[in-house]
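Notes follow once the structure below has been shown.
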Amino acid sequence: MEKRIVCLAGDGVGPEVMESAKEVLHMVERLYGHHFHLQDEYFGGVAIDLTGQPLPQRTLAACLASDAVLLGAVGGPRWDSAKERPEKGLLALRKGLGVFANVRPVTVESATAHLSPLKNADEIDFVVVRELTGGIYFSYPKERTEEVATDTLTYHRHEIERIVSYAFQLANKRKKKVTSIDKANVLESSKLWRTVTEEVALRYPNVEVEHILVDAAAMELIRNPGRFDVIVTENLFGDILSDEASVLAGSLGMLPSASHAEKGPSLYEPIHGSAPDIAGKNKANPIAMMRSVAMMLGQSFGLTREGYAIEEAVSAVLKSGKCTADIGGTETTTSFTKAVIQEMEEQALVGRGR
């Protein structure tokens, strides 16, 4: 298989974890006979420094012409007072790609379960599906005076149906349960959300559906996260709940994410930030970036075997006791990456020997 991947290393630790992603992809090429064209482009703060814009037209054009986009990290205090903010580039990139579904799998490795704030954390295995295009972030009018500020929350039926349908399709491949989170006891948009969800559910009779109010859901994520399989919710609720869910893994350096469009390339990135305090120190945890690569291989390219090989190698290295400082170890970004690559090669040799 031959695919073009645009690599947006970005800021902070982004270039370091992107290098780990590239090394993993090179090993996949070698082990499975694929070829990936890796195209580097400027994005975020580094793009502001060079071009004055966080998302140069050249970068967006390259992304649109690609088969998938990998993003390292964006932002940092260096640009806090800048006229253009790096984070604006991420919103513009999402809009330019037309992505509507942000997907965050939340799992906990048995080797690092003790780092989770919860007991029995190794039983956690769910996915948060967040709608990205509608809701209070993108609805108008938005107004502010000295005395009054107004935001508008609008959702169209087609936006709800599109994201909920995606969630049901995903659940149909997993444990066959969808939890829709809303505030239907108060908000008109949530009442429509619940109605459309029930209509979509009729098309998936083998998938269980439940509705939970967002305040109760925030509590259940901590009290009983094992009840969830696929969570689907609107933009604001998803923004908050996905961040809450991310702490269950014990470190932000562990979890990947994907943002999908109806057509065209998807965007894959670790959920952690740019971590400017450790940038350039070879301390960043590359696991979330590696898992983002695994998601890309499986979800965009249909290379499930190759994606699984990365996941298995990461798990094996963690079980061996090797880990970076954020999860209690002494490995560097490069040494942990090297260990994963060696494990991939060893597992491939064992598999062929059988």
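Glycine too: its Cβ is placed from the backbone N, Cα and C atoms.
Here is what Swiss-Prot says about this protein:
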- 76-87, 273-285: NAD(+) binding site (BINDING)
- Arg94, Arg104, Arg130, Asp215: substrate binding site (BINDING)
- Tyr137: site 'Important for catalysis' (SITE)
- Lys183: site 'Important for catalysis' (SITE)
- Asp215, Asp239, Asp243: Mg(2+) binding site (BINDING)
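All features noted in Swiss-Prot, drawn onto the structure.
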residue	record	DSSP class
Glu84	NAD(+) binding site	coil
Arg104	substrate binding site	strand
Arg130	substrate binding site	strand
Tyr137	site 'Important for catalysis'	coil
Lys183	site 'Important for catalysis'	coil
Asp215	substrate binding site	helix
Asp239	Mg(2+) binding site	helix
Gly273	NAD(+) binding site	coil
Asn285	NAD(+) binding site	coil
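Listed in sequence order, the residues Val214, Ala218, Leu236, Phe237, Gly238, Ile240, Leu241, Ser242, Glu244 complete the 8 Å Cβ shell around the Mg(2+) site centroid, once Asp215, Asp239, Asp243 themselves are left out. Working note on the binding-site residues Glu84, Asp243, Asp277: by count of other C-beta atoms within 10 Å of each C-beta, Glu84 ranks first. It is 26 Å from the Cα atom of Arg94 (substrate binding site) to that of Lys183 (site 'Important for catalysis').
Using a 10 Å Cα-Cα cut-off from Asp239 (Mg(2+) binding site), the binding-site residues that qualify among Glu84, Arg104, Arg130, Asp215, Gly273, Asp277 are Arg130. The separation of Asp243 (Mg(2+) binding site) from Arg130 (substrate binding site), Cα to Cα, is 11 Å. Spatially, by CA atoms, the recorded positions Gly76, Asp80, Tyr137, Asp277 include one closest to Asp243 (Mg(2+) binding site), and that is Tyr137.
Gly76 (NAD(+) binding site) sits 22 Å from Tyr137 (site 'Important for catalysis'), counting Cα to Cα.
If you measure from the Cα atom of Arg104 (substrate binding site) to that of Asn285 (NAD(+) binding site), you get 18 Å. In three-state terms derived from DSSP, Gly76 (NAD(+) binding site) belongs to neither a helical nor a strand segment and is classed as coil. Considering only the residues assigned to substrate binding, Arg94, Arg104, Arg130, Asp215, the longest pairwise Cα distance works out to 28 Å.
Local packing around the Cβ, expressed as the count of other Cβ atoms within 10 angstroms, is greatest for Lys183 among the recorded positions Tyr137, Lys183, Asp239, Lys281. Ranking the binding-site residues Asp80, Asp215 by how many Cβ atoms sit within 10 Å of each one's Cβ puts Asp215 at the top. Taking each Cβ in turn and tallying the other Cβ atoms within 10 Å, the top scorer among the binding-site residues Gly76, Gly273 is Gly76. Contacts of Asn285 (NAD(+) binding site) defined by a Cβ separation under 8 A and a same-chain sequence distance of 6+ are given as Val17, Ser251, Gly253, Met254, His272, Cys323, Thr324, Asp326, Ile327, Thr333, Phe336, in order along the sequence.
Each residue contributes its Cα atom, and for Asp215 (substrate binding site) and Asp80 (NAD(+) binding site) those atoms are 32 Å apart.
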